[in-house]
Amino acid sequence: MKAWVICLMVISIFMMIEPTLAAGGGKFLNPGVLDPCLRPNPPPECQAPGSAGKPRERVNEYKVGCSKLTRCDRVG
């Protein structure tokens with residue numbers, strides 16, 4: 001009796017799986033999902049989209065030094 005129940009369960013499982021295998025084979029991850037440059041907060045070595053081949057530009061020239069206002073006093 002137990003053998004018939006197990007056999008019936010195996011046959012029913014194969015009948016449920018067959019339409020999904022025939023329809024599309026299965027679902028696969030897009031390779032872009034695993035790319036760390038496409039995730040939020042990419043690492044520094046990743047380039048922004050559309051910036052390939054362009055030279056890097058200096059964004060902010062920060063000059064460390066004293067001014068008349070702060071008199072070389074650093075608060076920190």
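Each residue, glycine too, has its Cβ placed from N, Cα and C.
Note that the structure is a prediction, hence the values are computed from the model and not measured.
Per Swiss-Prot, the feature disulfide bond maps to C37-C46 (among others); the stated evidence is similarity to another entry. Secondary structure at C37 (disulfide bond), taken from DSSP and collapsed to helix, strand or coil, is helix.
According to Swiss-Prot, the disulfide bond annotation covers C66-C72 (among others). The secondary structure of C66 (disulfide bond), as reduced to three states from DSSP, is coil rather than helix or strand.
As annotated by Swiss-Prot, signal peptide applies to 1-22.
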C46 (disulfide bond): tally of other CB atoms within 10 A of its CB: 12
Fewest-neighbour residue among disulfide-bonded residues, criterion Cβ within 10 Å, set C37, C66, C72: C72
